[in-house]
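Have a look at the structure below before the remarks.
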Amino acid sequence: MGELFECILFTASLAKYADPVSDLLDKWGAFRGRLFRESCVFHRGNYVKDLSRLGRDLNKVIII
């Protein structure tokens, strides 16, 4: 899938926890980038993914 699309992993988890798990899940390097809690916005007591941080046309973004 990484050859056909630009795959970015975006999680609200802290990088120090999510990065090692991501390494295990992405053995073939399909993800071109990783965004963690530091890229989220704290809103009403929760960390929310701010898709504008992707820097991409959101009309062409698919969330899986």
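For all residues, glycine too, the Cβ spot is worked out from N, Cα and C.
Automatic prediction, not curation, is the source of TrEMBL annotations.
Per TrEMBL, these features apply:
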{"type": "DOMAIN", "residues": "1-64", "note": "domain 'FCP1 homology'"}
Between 0 and 100, where does the mean pLDDT of the domain 'FCP1 homology' (1-64) sit? 92
Could you give me three numbers for the domain 'FCP1 homology' (1-64), the DSSP helix, strand and coil residue counts? 21 helix, 17 strand, 26 coil
